[in-house]
Amino acid sequence: MAEGISSFWGPVTSAEWCEKNYVYSSYIAEFFNTVSNIPGILLALVGLINAFRQRFEKRFSILHISNMILAIGSMLYHATLQHMYLVLLIIFRQQQGDETPMVWEMLLYIYILYSPDWHYRSTMPTFLFFYGAAFAIVHALVRLRIGFKVHYVILCLLCVPRMYKYYIYTKDASAKRLAKLYLATIFMGSLCWLFDRLFCNNISRWYFNPEGHALWHVLMGFNSYFANTFLMFCRAQQLGWNPKVAHFMGLFPYVKIQKPKTQ
């Protein structure tokens, strides 16, 4: 792709993906990679409303909000393809606005997965908070490319044993289906991401671009929603809230609980 393409945002200064820049608007560098984050935002909003409405623990509200922040950061990055922008009076690399929330989100998943069995309750959130803050500072000062990917994969792998434990201890068939949908979406999304990255030179010559990275965004939006809903079910089960998986409009799964009257 061409270097230094001018636009409303100025020359492109960040990494580009396998989508032509500024085809549909001078305000949006990668149109499909930008708008494909909208489903993730809407799904996170649905999860947030459900968490508020049924008074789940605050950790799940924060988790859904983090999904929204991640999707919004991704939209900003793909819309501008700039290294730098101003958010809450802190200067970030634009690409960091996509990558740093990814790490923060995984730290939150680690907390939700491991905290129920953690004996020293205050140490885990304190450690994860300072770890996330330190990562944001280092990532703002140093461009981590391969290091970021390896670091992110390690955080994801740390979640796998607990997710598997939750799965085998869950007897509800509908909840298990959520876990299977989580695995299916992350598998298909990863294939789309790899296809877009590895075969970009060939795709660029095609008449039709399948927009693998945009499909990755859509699938990961559903992936986060399925993961969050499954974890909400498991946590409600731990707390004795008699959870059930219901479906909004017969389509979107959500957790419906019945707390004991004393709660």
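For all residues, glycine too, the Cβ spot is worked out from N, Cα and C.
Taking a C-beta cut-off of under 8 angstroms and a sequence separation of 6 or more, Trp17 (Ca(2+) binding site) has the following same-chain neighbours: Glu30, Asn33, His78, Asp196, Cys200, His213. Per TrEMBL, Ca(2+) binding site is recorded for Trp17, Glu19, Asn21, Glu30.
Taken from TrEMBL, the feature transmembrane segment covers 31-52 (among others).
Sequence annotations record features per position, and here TrEMBL assigns transmembrane segment to 64-91 (among others).
Here TrEMBL flags His78, His213, His217 as Zn(2+) binding site. Spatially close to His217 (Zn(2+) binding site) yet at least six residues away along the chain are Asn33, Ser36, Asn37, Pro39, Gly40, Ala71, Ser74, judged by Cβ distances under 8 angstroms.
The transmembrane segment annotation in TrEMBL covers 127-144 (among others).
As annotated by TrEMBL, transmembrane segment applies to 181-199 (among others). Residues 17-18, 210-213, 215-216, 219-220, 222-223, 226-227, 230 of the same chain, all 6+ positions outside the transmembrane segment (181-199), place their C-beta atoms under 8 angstroms from a C-beta of that stretch.
Through the fold, the transmembrane segment (214-234) approaches residues 19, 32-33, 35-37, 39-41, 43-44, 46-47, 50-51, 56, 60, 63-64, 67, 71, 74, 109, 112-113, 163, 166, 170, 172, 175, 178-179, 181-182, 185-186, 188-190, 192-193, 196, 243, 245, 253-255 of its own chain, all at least 6 residues removed from its boundaries and within a Cβ separation under 8 Å. Residues or ranges marked as transmembrane segment in TrEMBL: 214-234 (among others).
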Neighbours of His78, His213, His217 excl. site residues, C-beta within 8 Å of centre, Zn(2+): Trp17, Glu19, Glu30, Phe32, Asn33, Thr34, Ser36, Asn37, Ser74, Ala214, Trp216
